[in-house]
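Notes follow once the structure below has been shown.
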Amino acid sequence: MDDRSQSGRAPGCCSLRLRLALLLHFCNVSMMSQRACLSLTMVAMVNGTGPQGPPNASTPEPLDDARNPVYNWSPRTQGIILSSVTYGMLLTQVPVGYLSGIYPVKNMVGSALLLSSLLSLLVPLAAGVGASAVIACRVAQGLSQGTVLVAQHMVWTKWAPLSERGRLTSLSLSGLMLGPSLALCVTGLICQALGWPMVFYVFGAGGCALSLCWFLLFHDDPKGHPCISPGEKELIASSLAEQDSSAGKSVPIRAVLKSLPVWAISLGCFAFSWTNHVMFLYLPTFISSKLHVNVRENGLLSALPHLFCWLLGILAGHMSDGFLSRKMLSVLAVRKLFTALGLLLPAVFVVSLLYLGPSFHGTVSCLTLASATLGFCMAGIVINPLDIAPRYYGFLKGVTVLIRMTGGLTSSTLAGIILDQAPEAAWATIFFLMAAVNVSSLLFYLVFAAADVQAWAQEKQLTRL
């Protein structure tokens, strides 16, 4: 089938650009699996994460000490270890965003994924050395994973026709949500069958294999790819010839910093990451301390929220496109609606956890919905920068991701400190604080958000710093 006939609908099922999106999808799954597995292996790596369960609770099955070395790390130390990967990712956003426009994306993404995978293989050895070695290893992983996260956006500036950029980007980025779900499912099984060190070996080896596939299959420019069809090459070239590029033009930094819509998006992203990191990193710990299940069951229960978040994020994209194509809502109304759902509903569900009592099914349901409903933000604040400044989308994405990661770093570190100092009331404090951040950020967004191209982002605007 001629690729040209696919323009405006969906990429052809055999198109090279779709296969590259799937490759990036699996690279993101691998990267997030390497990141997520530690939140569950931590349950098996330390002496304990919570009090013993009540008499009628499921008793955690002891793990083989020979295959599962145990370390005496305090909750504060665990919090630093779990959040250390974010420290590394935080440092890469702006530099990588700049360098990805200069150096080949193929080399940046492939090398960074390979480095992250090799570091994953070293985590068990680092744990034997001490907590400091694990922290250093995870910070280095954060540097490499941050490079993959930022640089991959440049792929679609050359490979995606304008009418398909949203679909291809969402397909590749959906691996970031699917990765934790798959990792947590597999991690619990591996921990019980082979020991927690094998988790890092499996995900590290898988990442090395994917990085090799990336080097073999990806080319920075469609014109130089040996497997692309002439029709697909012409389709991409003709589409991208029409786009308005900001290459070689100064970013109006002063105007960006004064823009209330930019700050509204940034604060929304801050709240999104605050909630996501707490759920992402501490969900296995909460399940272990409150439900008292074994590590295999913990992994399966921890995977459920991420799986539903992945599904709901995809559904939110289709729903928002449906509202816009049928002209049922304006772009601004769609962005506000899905941002409100993505920030308010998680706050409601985590606070509800505190009043459920010992209900197993109620706790699992609220945990699942609290994390899953974050997926609504994919059709809200996550894509909003493209509405207000398409010419400077890459720069704005770097800024919002940087602020977003600051929220994740703050929440994950603070949660570890709270758990260490006040273990009895820790979860109430963590969840109420999460709800307060979400609601306050949402209110600011609802007041100051915009969805039209800002004056400083239009063609005639020549504002410079």
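In case you wondered, yes, glycine gets a Cβ from its N, Cα and C as well.
Because TrEMBL annotations are produced automatically, they should be read as predictions rather than curated entries.
Among the features that TrEMBL reports, signal peptide is placed at 1-32.
Residues or ranges marked as domain 'Major facilitator superfamily (MFS) profile' in TrEMBL: 14-453. In the predicted model, residues of the domain 'Major facilitator superfamily (MFS) profile' (14-453) average a pLDDT of 82.
If you look up TrEMBL, you'll see 80-100 (among others) marked as transmembrane segment. Beyond the transmembrane segment (80-100), the same-chain residues lying 6 or more positions past its ends with a Cβ under 8 Å from any Cβ of the stretch are 35, 38-39, 42, 73, 108, 131, 134-135, 138-147, 149-151, 153-154, 277, 281-282, 394-395, 397-399, 401-402, 405-406, 408-409, 412-413, 416.
Annotation source TrEMBL lists transmembrane segment at 112-136 (among others).
As annotated by TrEMBL, transmembrane segment applies to 168-190 (among others). If you look at the transmembrane segment (168-190), the same-chain residues 6 or more away from its ends with a CB under 8 A from one of its CBs are 11, 17-18, 21-22, 24-37, 39-41, 149, 152-153, 155-156, 159-160, 196, 198-199, 202-203, 280, 284, 295-300, 302-307, 309-310, 313-314, 317, 375, 378.
If one looks beyond the transmembrane segment (196-218) by at least 6 residues along the same chain, the residues whose Cβ comes under 8 Å of a Cβ in the stretch are 19-20, 23, 26-27, 30-31, 33-34, 37, 41, 44-45, 63, 67-69, 106, 109-111, 113-114, 116-121, 123-124, 127, 155, 183, 186-187, 190. What TrEMBL records for 196-218 (among others) is transmembrane segment.
Per TrEMBL, the feature transmembrane segment maps to 262-283 (among others).
The feature transmembrane segment is assigned by TrEMBL to 303-325 (among others).
If you look up TrEMBL, you'll see 337-356 (among others) marked as transmembrane segment. Long-range Cβ contacts of the transmembrane segment (337-356) within its own chain (Cβ-Cβ under 8 Å, at least 6 residues beyond either end) map to 268, 271-272, 275, 279, 316, 319-320, 329, 362-363, 366-367, 369-371, 373-381, 384, 427-428, 431-432, 434-435, 438-439, 441-442, 445-446, 449.
Within the same chain, residues 166, 170, 177, 265, 268-269, 272, 275-276, 279-280, 283, 286-287, 290-291, 301, 304-306, 308-317, 319-320, 334-343, 345-346, 349-350, 352-353, 356, 400, 445 sit at least 6 positions outside the transmembrane segment (362-383) and bring their C-beta atoms closer than 8 Å to a C-beta of that stretch. The transmembrane segment annotation in TrEMBL covers 362-383 (among others).
Marked as transmembrane segment by TrEMBL: 395-419 (among others).
If you look up TrEMBL, you'll see 425-451 (among others) marked as transmembrane segment. Counting residues 6+ beyond its ends, the transmembrane segment (425-451) has Cβ neighbours under 8 Å at 260-261, 263-265, 267-268, 270-271, 274-275, 278, 282, 286, 290, 330-332, 334-336, 339-340, 343-344, 346-348, 350-351, 353-354, 381, 384, 387-388, 407, 411, 414-415, 418-419 in the same chain.
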